[in-house]
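What TrEMBL lists as transmembrane segment is A:21-41, A:75-93, A:105-124, A:130-147, A:159-178, A:248-278, A:290-307, A:314-335.
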Amino acid sequence: MSTTTLAAVTRGRVRRDRRRRAVLAALTLAVAAMVVVSLMVGRTFYPAGDVLRVILGETVPGASFTVGELRLPRTVLALATGLCFGMGGVTFQTMMRNPLASPDIIGISSAASAAAAFAIIVLGLGETGVAVFAIVAALGVAVLIYLLSFTDGVAGTRLVLIGIGIAAMLNSATAYILNQAGQWDLQAATRWLNGSLNGSTWDETLPVLAALAVFGPVLLSRARSLTMLQLGDDTAAALGTRLERTRLVAIVAAVGLIAFATSATGPIAFVAFLAGPIAARLVGAGGSPLLPSALVGALLVLVADFLGQFAFDIRFPVGVVTGVLGAPYLIYLLVRTNRAGGSL
Amino acid sequence: MTTDHALTTEKLTVGYGDRVVIESLDLLVPPGRITAIVGANACGKSTLLRSMSRLLAPRTGHVMLDGRQVHRMPAKELARTLGLLPQSPIAPEGITVADLVGRGRNPHQRLLSRWSRDDDRAVAAALDATHTADLADRSVDELSGGQRQRVWIAMALAQQTELLLLDEPTTFLDVSHQVEVLDLLTDLNATRGTTIVMVLHDLNMAARYAGHLIALADGGLYAAGPPAEVLTEECVRAVFGLDSRVIVDPVSGRPLMLPIGRHHVSVARA
Ligand SMILES: Nc1ncnc2c1ncn2[C@@H]1O[C@H](COP(=O)(O)OP(=O)(O)OP(=O)(O)O)[C@@H](O)[C@H]1O
Ligand SMILES: [Mg+2]
């Protein structure tokens, strides 16, 4: 091998590594900045000092309630669900080699949401019961879609179409549950159909943090195998990847993240779908997309929630804002694949 | 230079669903040599390679590597010994050539290990060998079919296995790049002792470059041995249903097959 090639290879790799690290650092900073802004800014402005004192447990008149009881749980929940949706979404997209195969498009989030709405509104269960319901339903749908569209490897178009059908069914089921319970108020409806952070409490936030602490590291430990799956089953297996095991772990962990997050906030529209492609744009296609997507997901939710609360005359729930952001990209993807004459 | 690996199949039967593609096949890949597999479309060549590299479990019978059952070996350990370049591999959208070739290093990397100097060296050597070094920073999506094929071969080379199975490595390549790839594989075989098994559709290239020729017909072995013994007019008729003349290639001394179709045949048929 020539030394110039070696030097060029090393240089290229170092450059791509640097870019990745720089993007990760910038995303982390942006997320941290959004967290701080969300805590300080609102109807009333509280300086950083007050916010810090509240976090440290001191009593600050006004701020203790507004920041401690309202803004802090809401912001932490926004951060946590954003990380969950971002990481869970890109796991599916990577595994299925298809940006449309994200859990919020193919019905997995809808399943979690319908089950959570049922568990809360009809059965009146608490957080743990709701999360269990959501995860069982989401796993069930994931398995169902897998079985219905499985033909020796995962079929792209079939999977997406079947998933979209199932999502539509589940969304009407959610609407029906909301209707039947006689609780058709806008609050509940937007939460379980679009996703909302209104009225977030620590009781909802803690299970999501726990899910993140368990499933996040599990997924990250499989990061390399997951990226190998992008090469197709044969190449990935020939390079030493254990396909079934990787898929099983990835599906369970990603569904866990999605289900827990959804049972707290509802399926915040398109965050899982958007985070991966945006992250790939930023870091390039070489490495694992898990961490950058998680950060992009968090940033999307934090920014969308902030905009929804304060950018307009009326307050929009976070899912409506992300929905408006995500829909054009979905249309773009559909148009592009249609033009290319390709499959979904 | 390397230890010779014995790859064999014993009464191997494989298929998809309830459809048997290869039945009770006994095969021996001569260690340290170049083997070419030829046969008609859909006769099971890719299926055989997939099964030999553990991607497809046997119904009955075994694939044995150095006395061990391939399907019982740990995935990464096997991938350090035996590499496979599938017939139509998939490149992730937007990936650069260097990153794609780097994926070939996967079996050499532990769960948390960092990218090493050896990895860089293997990638650089693979790029040089396939004349793709100047493409290193390009996106794979933007390459021509032939460039892309050479990049895939580079990825397989970066895996640095002592056994390399390639499914139609010369498709998409123009004649000079075909020769170049086959020369490259021959060099690899000569200098490192890499055992090479490749599926080729061009019988003349197969006869010229392979020391051992395997002709498959309908999931079974039709003939195996030195090209001069295997590539005969009879074999071509049996395997491909085609009349032909086989002469001695004035360039290599190996057999050269000239097909006889329904047109443009000026000499009386044999
Ligand atoms: N994934 C699969 N599922 C079901 N059947 C398959 C699958 N892959 C191949 N087959 C079938 O198995 C048979 C052998 O296919 P294989 O790909 O091994 O042929 P091949 O000899 O490599 O052909 P070619 O020269 O066209 O590449 C064919 O009839 C094919 O239709
Ligand atoms: Mg084939």
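Any Cβ shown, glycine's included, is placed from N, Cα and C.
Just so you know, TrEMBL annotations never went through curation; they're auto-generated.
Predicted, not measured: the structure shown is a model, and the values here were computed from it.
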Interface check, the transmembrane segment (A:75-93) with the transmembrane segment (A:290-307), three or more C-beta pairs under 8 A: yes
Whether the transmembrane segment (A:248-278) meets the transmembrane segment (A:21-41): three or more C-beta pairs under 8 angstroms: no
Close approaches to the transmembrane segment (A:159-178) from elsewhere in its chain (Cβ under 8 angstroms; 6 or more beyond its ends): 96, 98, 100-101, 105-111, 113-114, 117-118, 121-122, 141, 144-146, 148-149, 184, 188-189, 192-193, 344
